[in-house]
Amino acid sequence: MVSQTVVSSLLVVLGAAGVRAQQRQSLWGQCGGSGWSGPTLCVDGAWCNPQNQWYHQCIPGSGPTTAQPQVPTTTARPTTTLVTSVVSSTTSPSGPVVTNPPVNPGTCPNTPSGLGTPVANQLNDPFTFHNGNKVTSKADWACRQREISELLQRYELGTLPPKPSSVTASFSGSTLSISVSEGGKSISFTVSINNRPSGAGPHPAIINFGTFGASLPVPAGVATINFNNDDIAQQQGGSSRGRGKFYDLYGSSHSAGALTAWAWGVSRIVDALELTQAQTGIDPTRLGVTGCSRNGKGAIVAGALEPRIALTLPQESGAGGSGCWRIATWQKNNGQNVQDSTQIVQENVWFSPNFNSYVNNVNQLPFDHHLLAGLIAPRALYVMENVDMEWLGKISTYGCMGIARKQWEALGALDNFGYSQVGGNSHCSFPSSQQGSELNAFIEKFLLKRSGGNTNIFRSTQTHSSFNLNNWSPWAVPSLN
(Lines of atoms letter the chains of each structure in order from A and count residues from 1; the text may use other names and numbers.)
(Lines give C-alpha, C1' and ligand atoms only; values in the text may rest on other atoms or scores of the structure.)
Protein backbone atom coordinates (compact mmCIF):
# COMPACT_ATOMS: atom_id res chain seq x y z
CA MET A 1 0.00 0.00 0.00
CA VAL A 2 1.39 3.39 -1.02
CA SER A 3 1.78 5.75 1.91
CA GLN A 4 0.00 9.07 2.01
CA THR A 5 3.38 10.86 2.15
CA VAL A 6 4.52 9.27 -1.14
CA VAL A 7 1.22 10.11 -2.82
CA SER A 8 1.43 13.71 -1.61
CA SER A 9 5.01 14.05 -2.88
CA LEU A 10 4.04 12.64 -6.25
CA LEU A 11 1.14 15.06 -6.54
CA VAL A 12 3.47 17.97 -5.74
CA VAL A 13 5.89 16.91 -8.50
CA LEU A 14 3.10 16.41 -11.02
CA GLY A 15 1.55 19.70 -10.04
CA ALA A 16 4.83 21.57 -10.54
CA ALA A 17 5.27 19.94 -13.94
CA GLY A 18 1.75 20.94 -14.86
CA VAL A 19 2.42 24.55 -13.86
CA ARG A 20 5.55 24.61 -16.03
CA ALA A 21 3.64 23.09 -18.93
CA GLN A 22 0.92 25.75 -18.63
CA GLN A 23 3.32 28.68 -18.32
CA ARG A 24 3.48 30.81 -21.43
CA GLN A 25 6.51 32.67 -22.66
CA SER A 26 6.20 36.35 -23.48
CA LEU A 27 6.57 37.75 -26.99
CA TRP A 28 10.17 37.46 -28.29
CA GLY A 29 11.16 35.17 -25.40
CA GLN A 30 12.79 31.76 -25.77
CA CYS A 31 10.34 28.84 -25.96
CA GLY A 32 12.49 25.83 -26.76
CA GLY A 33 15.73 24.44 -28.06
CA SER A 34 18.31 21.89 -27.01
CA GLY A 35 18.63 21.89 -23.21
CA TRP A 36 15.77 24.37 -22.68
CA SER A 37 13.73 23.73 -19.51
CA GLY A 38 11.48 26.78 -19.51
CA PRO A 39 8.03 27.39 -21.03
CA THR A 40 7.41 25.92 -24.46
CA LEU A 41 4.08 27.66 -25.11
CA CYS A 42 3.75 31.31 -26.13
CA VAL A 43 1.27 33.95 -25.05
CA ASP A 44 -1.85 34.39 -27.17
CA GLY A 45 -1.10 35.95 -30.53
CA ALA A 46 2.37 34.41 -30.78
CA TRP A 47 3.81 31.06 -31.82
CA CYS A 48 7.04 29.22 -31.05
CA ASN A 49 9.32 29.53 -34.07
CA PRO A 50 12.29 27.07 -34.19
CA GLN A 51 15.11 29.39 -35.27
CA ASN A 52 17.55 26.49 -35.03
CA GLN A 53 18.15 23.33 -33.00
CA TRP A 54 19.25 25.32 -29.96
CA TYR A 55 16.95 28.34 -29.93
CA HIS A 56 13.18 28.65 -30.44
CA GLN A 57 11.55 32.08 -30.08
CA CYS A 58 8.00 33.37 -29.55
CA ILE A 59 7.13 35.64 -32.47
CA PRO A 60 3.85 37.32 -33.49
CA GLY A 61 1.30 35.36 -35.51
CA SER A 62 -0.19 31.88 -35.63
CA GLY A 63 2.65 30.06 -37.37
CA PRO A 64 3.00 28.63 -40.88
CA THR A 65 0.61 25.98 -42.13
CA THR A 66 3.48 24.04 -43.70
CA ALA A 67 7.14 23.66 -42.81
CA GLN A 68 9.39 26.22 -44.45
CA PRO A 69 13.01 25.48 -45.40
CA GLN A 70 15.44 27.64 -43.46
CA VAL A 71 18.00 27.93 -46.24
CA PRO A 72 16.31 28.16 -49.65
CA THR A 73 17.90 26.87 -52.80
CA THR A 74 18.64 28.97 -55.84
CA THR A 75 17.79 27.96 -59.39
CA ALA A 76 20.86 27.77 -61.59
CA ARG A 77 21.02 30.37 -64.34
CA PRO A 78 22.29 29.74 -67.86
CA THR A 79 25.78 30.90 -68.72
CA THR A 80 26.12 33.47 -71.48
CA THR A 81 29.15 34.81 -73.32
CA LEU A 82 28.29 38.33 -74.39
CA VAL A 83 31.47 39.96 -73.11
CA THR A 84 34.59 38.25 -71.86
CA SER A 85 37.68 39.75 -70.28
CA VAL A 86 40.60 37.89 -68.76
CA VAL A 87 42.79 38.83 -65.82
CA SER A 88 46.45 38.30 -66.60
CA SER A 89 48.13 35.36 -64.93
CA THR A 90 49.97 36.20 -61.75
CA THR A 91 52.33 34.33 -59.53
CA SER A 92 50.41 33.21 -56.45
CA PRO A 93 52.22 34.07 -53.21
CA SER A 94 52.39 31.53 -50.43
CA GLY A 95 50.62 31.97 -47.11
CA PRO A 96 47.39 33.78 -46.30
CA VAL A 97 46.27 36.86 -48.16
CA VAL A 98 45.97 39.89 -45.91
CA THR A 99 43.89 43.02 -46.18
CA ASN A 100 45.54 45.77 -48.21
CA PRO A 101 44.58 49.02 -46.47
CA PRO A 102 44.83 52.38 -48.25
CA VAL A 103 47.94 53.35 -46.29
CA ASN A 104 51.16 51.83 -47.61
CA PRO A 105 52.26 49.55 -44.76
CA GLY A 106 55.90 49.70 -45.80
CA THR A 107 57.98 47.10 -44.03
CA CYS A 108 55.85 45.31 -41.46
CA PRO A 109 57.23 43.11 -38.67
CA ASN A 110 56.91 39.37 -39.06
CA THR A 111 54.03 37.86 -37.12
CA PRO A 112 55.33 35.61 -34.30
CA SER A 113 54.36 31.97 -34.51
CA GLY A 114 53.01 31.56 -30.97
CA LEU A 115 49.67 32.50 -29.45
CA GLY A 116 51.17 34.99 -27.03
CA THR A 117 49.96 35.78 -23.51
CA PRO A 118 46.34 34.76 -22.79
CA VAL A 119 43.89 37.62 -22.31
CA ALA A 120 40.99 37.02 -19.88
CA ASN A 121 38.03 39.22 -18.88
CA GLN A 122 39.06 41.85 -21.39
CA LEU A 123 39.62 42.11 -25.13
CA ASN A 124 42.94 42.17 -26.94
CA ASP A 125 44.57 45.57 -27.43
CA PRO A 126 44.21 46.60 -31.10
CA PHE A 127 47.05 49.08 -30.70
CA THR A 128 49.74 46.65 -29.54
CA PHE A 129 51.51 44.37 -31.98
CA HIS A 130 51.81 40.68 -31.21
CA ASN A 131 55.48 41.32 -30.34
CA GLY A 132 54.56 44.00 -27.78
CA ASN A 133 55.39 47.10 -29.84
CA LYS A 134 52.85 49.92 -29.88
CA VAL A 135 50.87 51.24 -32.83
CA THR A 136 51.67 54.96 -33.08
CA SER A 137 50.82 55.93 -36.68
CA LYS A 138 48.47 55.06 -39.53
CA ALA A 139 51.35 53.23 -41.21
CA ASP A 140 51.72 51.14 -38.04
CA TRP A 141 47.97 50.52 -38.08
CA ALA A 142 48.17 49.21 -41.63
CA CYS A 143 50.82 46.74 -40.47
CA ARG A 144 48.74 45.80 -37.43
CA GLN A 145 45.75 45.08 -39.69
CA ARG A 146 47.90 42.78 -41.80
CA GLU A 147 49.00 40.99 -38.63
CA ILE A 148 45.44 40.66 -37.30
CA SER A 149 44.24 39.26 -40.63
CA GLU A 150 47.03 36.69 -40.64
CA LEU A 151 46.26 35.63 -37.04
CA LEU A 152 42.53 35.31 -37.75
CA GLN A 153 43.24 33.18 -40.79
CA ARG A 154 45.77 31.06 -38.93
CA TYR A 155 43.66 30.20 -35.88
CA GLU A 156 39.98 30.71 -36.79
CA LEU A 157 38.99 31.46 -40.38
CA GLY A 158 41.43 29.44 -42.46
CA THR A 159 43.67 30.70 -45.24
CA LEU A 160 42.26 33.05 -47.87
CA PRO A 161 43.89 32.06 -51.17
CA PRO A 162 45.48 34.78 -53.31
CA LYS A 163 43.84 36.08 -56.45
CA PRO A 164 43.57 33.22 -58.96
CA SER A 165 45.71 33.20 -62.08
CA SER A 166 42.67 33.69 -64.34
CA VAL A 167 39.27 35.29 -63.85
CA THR A 168 36.88 35.75 -66.77
CA ALA A 169 33.51 37.44 -66.72
CA SER A 170 30.54 37.83 -69.04
CA PHE A 171 27.24 39.66 -68.68
CA SER A 172 23.87 39.15 -70.36
CA GLY A 173 20.44 40.31 -69.27
CA SER A 174 20.75 40.42 -65.50
CA THR A 175 23.25 37.56 -65.17
CA LEU A 176 26.95 38.04 -64.46
CA SER A 177 28.85 34.82 -65.17
CA ILE A 178 32.25 34.32 -63.55
CA SER A 179 34.85 31.67 -64.39
CA VAL A 180 37.97 31.09 -62.33
CA SER A 181 41.01 28.95 -63.09
CA GLU A 182 43.90 27.97 -60.83
CA GLY A 183 46.37 25.10 -60.85
CA GLY A 184 44.79 23.34 -63.80
CA LYS A 185 41.28 23.42 -62.30
CA SER A 186 38.35 25.66 -63.18
CA ILE A 187 34.98 26.58 -61.70
CA SER A 188 32.14 28.86 -62.80
CA PHE A 189 29.31 30.56 -60.93
CA THR A 190 26.77 33.29 -61.58
CA VAL A 191 25.20 36.19 -59.72
CA SER A 192 22.15 38.21 -60.72
CA ILE A 193 22.23 42.00 -60.86
CA ASN A 194 18.79 43.46 -60.20
CA ASN A 195 17.23 46.90 -59.89
CA ARG A 196 19.92 48.49 -62.02
CA PRO A 197 19.25 52.23 -62.07
CA SER A 198 18.45 53.89 -65.36
CA GLY A 199 20.49 56.76 -66.65
CA ALA A 200 24.20 57.33 -66.94
CA GLY A 201 26.30 55.20 -64.63
CA PRO A 202 28.24 53.75 -63.19
CA HIS A 203 25.98 53.01 -60.22
CA PRO A 204 26.60 51.58 -56.74
CA ALA A 205 25.42 48.12 -55.75
CA ILE A 206 24.97 45.96 -52.65
CA ILE A 207 26.02 42.30 -52.74
CA ASN A 208 23.45 40.27 -50.82
CA PHE A 209 24.39 36.91 -49.32
CA GLY A 210 21.74 34.34 -50.22
CA THR A 211 18.00 34.85 -49.91
CA PHE A 212 17.63 33.79 -46.26
CA GLY A 213 16.85 36.92 -44.27
CA ALA A 214 17.32 39.25 -47.23
CA SER A 215 15.11 42.02 -45.85
CA LEU A 216 17.12 45.25 -46.07
CA PRO A 217 15.27 47.95 -48.03
CA VAL A 218 17.60 49.24 -50.74
CA PRO A 219 16.84 52.77 -51.97
CA ALA A 220 16.51 53.82 -55.59
CA GLY A 221 19.80 54.41 -57.32
CA VAL A 222 21.46 51.31 -55.85
CA ALA A 223 21.48 47.94 -57.62
CA THR A 224 21.39 44.61 -55.80
CA ILE A 225 23.62 41.64 -56.55
CA ASN A 226 22.26 38.29 -55.37
CA PHE A 227 25.09 35.98 -54.35
CA ASN A 228 24.31 32.30 -53.75
CA ASN A 229 27.08 31.81 -51.19
CA ASP A 230 26.01 28.20 -50.53
CA ASP A 231 27.12 27.42 -54.08
CA ILE A 232 30.66 28.45 -53.15
CA ALA A 233 30.76 26.69 -49.77
CA GLN A 234 27.93 24.64 -48.30
CA GLN A 235 26.64 25.21 -44.75
CA GLN A 236 24.31 22.31 -44.05
CA GLY A 237 25.98 21.04 -40.89
CA GLY A 238 29.23 19.24 -40.22
CA SER A 239 28.85 16.84 -43.13
CA SER A 240 29.14 19.74 -45.61
CA ARG A 241 32.77 20.45 -44.70
CA GLY A 242 34.83 20.86 -47.87
CA ARG A 243 31.84 20.93 -50.22
CA GLY A 244 31.18 23.66 -52.76
CA LYS A 245 32.89 25.22 -55.74
CA PHE A 246 35.64 26.82 -53.66
CA TYR A 247 36.70 23.34 -52.55
CA ASP A 248 36.32 21.97 -56.08
CA LEU A 249 39.05 24.45 -57.00
CA TYR A 250 41.30 24.27 -53.92
CA GLY A 251 40.58 20.80 -52.55
CA SER A 252 38.17 19.48 -49.94
CA SER A 253 40.85 19.56 -47.23
CA HIS A 254 41.62 23.27 -47.64
CA SER A 255 41.85 25.03 -44.27
CA ALA A 256 39.31 27.75 -45.14
CA GLY A 257 35.95 27.58 -43.42
CA ALA A 258 32.80 28.56 -45.28
CA LEU A 259 33.03 32.22 -44.18
CA THR A 260 36.46 32.59 -45.76
CA ALA A 261 35.35 30.75 -48.90
CA TRP A 262 32.42 33.15 -49.24
CA ALA A 263 34.74 36.15 -48.82
CA TRP A 264 36.84 34.69 -51.64
CA GLY A 265 33.65 34.49 -53.72
CA VAL A 266 32.87 38.16 -53.02
CA SER A 267 36.37 39.07 -54.19
CA ARG A 268 35.76 37.25 -57.46
CA ILE A 269 32.49 39.15 -57.91
CA VAL A 270 34.41 42.41 -57.47
CA ASP A 271 37.01 41.19 -59.99
CA ALA A 272 34.23 40.45 -62.46
CA LEU A 273 32.59 43.85 -61.94
CA GLU A 274 35.92 45.54 -62.60
CA LEU A 275 36.14 43.65 -65.89
CA THR A 276 32.56 44.33 -67.04
CA GLN A 277 31.86 47.84 -65.77
CA ALA A 278 30.96 49.08 -69.25
CA GLN A 279 28.37 46.31 -69.63
CA THR A 280 26.89 46.13 -66.11
CA GLY A 281 26.95 49.85 -65.36
CA ILE A 282 28.09 49.00 -61.81
CA ASP A 283 30.81 51.03 -60.10
CA PRO A 284 33.20 48.53 -58.44
CA THR A 285 34.47 51.24 -56.09
CA ARG A 286 31.00 51.74 -54.55
CA LEU A 287 30.01 48.30 -53.35
CA GLY A 288 28.26 47.22 -50.18
CA VAL A 289 27.83 43.73 -48.78
CA THR A 290 25.05 42.44 -46.54
CA GLY A 291 23.46 39.32 -45.12
CA CYS A 292 21.50 38.26 -42.06
CA SER A 293 22.12 35.65 -39.35
CA ARG A 294 24.57 33.06 -40.74
CA ASN A 295 24.87 35.15 -43.88
CA GLY A 296 25.48 38.20 -41.70
CA LYS A 297 28.57 36.42 -40.38
CA GLY A 298 29.60 36.02 -44.00
CA ALA A 299 29.01 39.70 -44.72
CA ILE A 300 31.23 41.00 -41.92
CA VAL A 301 34.02 38.54 -42.78
CA ALA A 302 33.81 39.54 -46.44
CA GLY A 303 34.04 43.21 -45.48
CA ALA A 304 37.04 42.43 -43.28
CA LEU A 305 38.96 40.39 -45.86
CA GLU A 306 38.05 42.30 -49.05
CA PRO A 307 39.27 45.92 -48.89
CA ARG A 308 37.39 46.92 -52.06
CA ILE A 309 34.07 46.77 -50.16
CA ALA A 310 33.06 50.34 -49.33
CA LEU A 311 30.17 49.58 -46.92
CA THR A 312 29.67 46.49 -44.76
CA LEU A 313 26.12 45.86 -43.48
CA PRO A 314 25.86 42.74 -41.27
CA GLN A 315 22.38 42.14 -39.85
CA GLU A 316 21.84 40.05 -36.69
CA SER A 317 25.11 38.15 -37.21
CA GLY A 318 25.58 37.38 -33.49
CA ALA A 319 28.25 34.87 -32.46
CA GLY A 320 30.90 34.40 -35.11
CA GLY A 321 29.98 37.78 -36.57
CA SER A 322 29.65 40.98 -34.55
CA GLY A 323 29.87 39.17 -31.20
CA CYS A 324 33.09 38.46 -29.28
CA TRP A 325 33.99 34.95 -28.13
CA ARG A 326 35.21 36.07 -24.71
CA ILE A 327 32.09 38.07 -23.92
CA ALA A 328 29.80 35.25 -25.09
CA THR A 329 31.68 32.87 -22.78
CA TRP A 330 31.25 35.36 -19.93
CA GLN A 331 27.51 35.51 -20.66
CA LYS A 332 27.27 31.71 -20.77
CA ASN A 333 29.10 31.45 -17.43
CA ASN A 334 26.53 33.86 -15.99
CA GLY A 335 23.66 31.59 -16.97
CA GLN A 336 22.57 33.27 -20.20
CA ASN A 337 21.56 31.13 -23.16
CA VAL A 338 23.85 32.48 -25.87
CA GLN A 339 25.70 30.81 -28.70
CA ASP A 340 29.37 30.47 -27.86
CA SER A 341 32.49 29.04 -29.48
CA THR A 342 31.99 25.51 -28.15
CA GLN A 343 28.50 25.24 -29.65
CA ILE A 344 29.03 27.03 -32.94
CA VAL A 345 31.63 24.57 -34.22
CA GLN A 346 29.13 21.76 -33.64
CA GLU A 347 26.41 23.52 -35.61
CA ASN A 348 28.15 24.23 -38.90
CA VAL A 349 31.36 24.55 -40.92
CA TRP A 350 31.70 28.32 -40.92
CA PHE A 351 35.20 28.23 -39.45
CA SER A 352 38.44 26.43 -40.16
CA PRO A 353 38.97 23.06 -38.46
CA ASN A 354 41.95 24.79 -36.82
CA PHE A 355 39.52 26.75 -34.63
CA ASN A 356 38.36 23.57 -32.88
CA SER A 357 41.60 23.48 -30.89
CA TYR A 358 40.80 26.79 -29.16
CA VAL A 359 37.03 26.87 -28.60
CA ASN A 360 37.27 25.53 -25.04
CA ASN A 361 39.68 28.29 -24.02
CA VAL A 362 39.15 31.38 -26.15
CA ASN A 363 41.26 33.46 -23.75
CA GLN A 364 44.36 32.06 -25.44
CA LEU A 365 43.43 33.54 -28.83
CA PRO A 366 45.51 36.60 -29.88
CA PHE A 367 42.34 38.29 -31.18
CA ASP A 368 38.60 38.51 -30.83
CA HIS A 369 35.93 39.78 -33.17
CA HIS A 370 36.41 43.44 -32.28
CA LEU A 371 39.64 43.00 -34.24
CA LEU A 372 37.81 41.27 -37.09
CA ALA A 373 35.65 44.41 -37.34
CA GLY A 374 38.80 46.52 -37.07
CA LEU A 375 40.06 45.10 -40.37
CA ILE A 376 37.32 47.21 -41.96
CA ALA A 377 38.45 50.48 -40.32
CA PRO A 378 38.37 53.21 -41.49
CA ARG A 379 35.97 51.95 -44.19
CA ALA A 380 32.26 52.14 -43.36
CA LEU A 381 30.54 49.57 -41.12
CA TYR A 382 26.92 49.62 -39.95
CA VAL A 383 25.98 46.72 -37.63
CA MET A 384 22.30 45.90 -37.01
CA GLU A 385 21.44 43.65 -34.04
CA ASN A 386 18.27 42.37 -32.36
CA VAL A 387 18.00 42.90 -28.61
CA ASP A 388 15.10 40.41 -28.31
CA MET A 389 16.96 37.31 -29.50
CA GLU A 390 19.17 36.23 -26.61
CA TRP A 391 20.84 33.50 -28.68
CA LEU A 392 22.63 36.18 -30.70
CA GLY A 393 24.39 37.41 -27.57
CA LYS A 394 22.99 40.90 -27.12
CA ILE A 395 25.64 41.84 -24.57
CA SER A 396 28.36 40.16 -26.61
CA THR A 397 27.59 42.15 -29.76
CA TYR A 398 27.02 45.37 -27.80
CA GLY A 399 30.33 45.05 -25.97
CA CYS A 400 32.29 43.71 -28.92
CA MET A 401 31.23 46.45 -31.32
CA GLY A 402 31.41 49.15 -28.65
CA ILE A 403 35.06 48.26 -28.20
CA ALA A 404 35.62 47.79 -31.95
CA ARG A 405 34.45 51.39 -32.38
CA LYS A 406 37.62 52.58 -30.63
CA GLN A 407 39.61 51.63 -33.75
CA TRP A 408 37.60 54.10 -35.84
CA GLU A 409 38.08 56.63 -33.04
CA ALA A 410 41.86 56.23 -33.23
CA LEU A 411 41.72 56.86 -36.98
CA GLY A 412 39.50 59.93 -36.63
CA ALA A 413 36.73 58.14 -38.52
CA LEU A 414 33.83 57.75 -36.08
CA ASP A 415 31.47 59.00 -38.80
CA ASN A 416 32.17 55.71 -40.60
CA PHE A 417 30.95 53.45 -37.78
CA GLY A 418 27.45 52.50 -36.70
CA TYR A 419 26.03 49.97 -34.23
CA SER A 420 22.27 49.85 -33.67
CA GLN A 421 20.56 47.28 -31.42
CA VAL A 422 16.76 47.40 -31.31
CA GLY A 423 13.89 44.98 -30.68
CA GLY A 424 10.29 44.24 -31.52
CA ASN A 425 11.03 42.45 -34.79
CA SER A 426 11.35 38.85 -35.87
CA HIS A 427 14.80 37.48 -36.61
CA CYS A 428 16.05 38.96 -39.90
CA SER A 429 12.94 41.09 -40.38
CA PHE A 430 14.30 44.61 -40.80
CA PRO A 431 12.67 47.15 -38.40
CA SER A 432 12.41 50.06 -40.84
CA SER A 433 10.68 52.33 -38.34
CA GLN A 434 13.63 52.07 -35.96
CA GLN A 435 16.66 51.62 -38.21
CA GLY A 436 15.50 52.75 -41.66
CA SER A 437 16.85 56.30 -41.42
CA GLU A 438 20.19 55.03 -40.11
CA LEU A 439 20.58 52.52 -42.94
CA ASN A 440 19.64 55.15 -45.50
CA ALA A 441 22.21 57.56 -44.08
CA PHE A 442 25.00 55.01 -44.54
CA ILE A 443 23.91 54.09 -48.07
CA GLU A 444 23.52 57.74 -49.04
CA LYS A 445 26.96 58.71 -47.74
CA PHE A 446 29.12 55.76 -48.69
CA LEU A 447 27.46 54.37 -51.83
CA LEU A 448 25.49 57.24 -53.36
CA LYS A 449 28.10 59.78 -52.21
CA ARG A 450 25.52 62.25 -50.98
CA SER A 451 25.60 64.10 -47.68
CA GLY A 452 22.92 64.07 -45.03
CA GLY A 453 22.06 61.90 -42.06
CA ASN A 454 24.04 60.81 -39.01
CA THR A 455 26.53 57.97 -39.50
CA ASN A 456 28.20 58.16 -36.08
CA ILE A 457 25.93 55.73 -34.25
CA PHE A 458 26.29 53.56 -31.17
CA ARG A 459 23.02 52.74 -29.47
CA SER A 460 20.88 50.05 -27.87
CA THR A 461 17.27 50.21 -26.77
CA GLN A 462 18.26 48.15 -23.72
CA THR A 463 20.53 49.19 -20.87
CA HIS A 464 23.35 46.68 -20.37
CA SER A 465 24.17 47.68 -16.81
CA SER A 466 26.03 44.44 -16.04
CA PHE A 467 28.63 45.14 -18.72
CA ASN A 468 31.27 47.86 -18.58
CA LEU A 469 32.93 48.71 -21.88
CA ASN A 470 35.94 50.33 -20.25
CA ASN A 471 36.64 47.37 -17.97
CA TRP A 472 36.82 45.12 -21.03
CA SER A 473 39.10 47.57 -22.88
CA PRO A 474 41.57 48.93 -20.31
CA TRP A 475 44.09 50.00 -22.95
CA ALA A 476 44.58 53.55 -24.22
CA VAL A 477 43.22 54.73 -27.56
CA PRO A 478 45.91 56.63 -29.49
CA SER A 479 45.34 59.37 -32.05
CA LEU A 480 46.90 57.94 -35.21
CA ASN A 481 48.34 60.28 -37.84
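Indices start at 1 and increase along the chain as displayed.
Including glycine, each Cβ sits where the backbone N, Cα and C put it.
Looking at the stretches 21-26, 87-92, 291-296, the one that Swiss-Prot records under the feature motif 'GXSYXG catalytic site motif' is 291-296. Among E306, E347, the residue that Swiss-Prot places alongside K297, Q339, W391 at the substrate binding site is E347.
Looking up C400 in Swiss-Prot gives a disulphide bond to a cysteine among C324, C428, identified as C324. Among C58, C108, the one Swiss-Prot lists as the disulfide partner of C143 is C108.
Of the recorded positions S293, Q339, S293 has the largest number of other Cβ atoms within 10 Å of its own Cβ. Of all residue pairs in the substrate-binding list (K297, Q339, E347, W391), the one with the greatest Cα separation is 14 Å apart. The recorded positions close to H427 (active site, proton donor/acceptor), defined as a CA atom within 10 A of its CA, are C292 out of C143, C292, K297, W391.
Comparing Cβ neighbour counts within 10 Å across the disulfide-bonded residues C108, C143, C324, C428, the minimum falls on C108. Ranking the recorded positions S293, K297, Q339, E347 by the distance of their Cα atoms from the Cα of C143 (disulfide bond) places K297 first. Here C428 (disulfide bond) is compared against the recorded positions S293, Q339, E347, and the shortest C-alpha distance is to S293.
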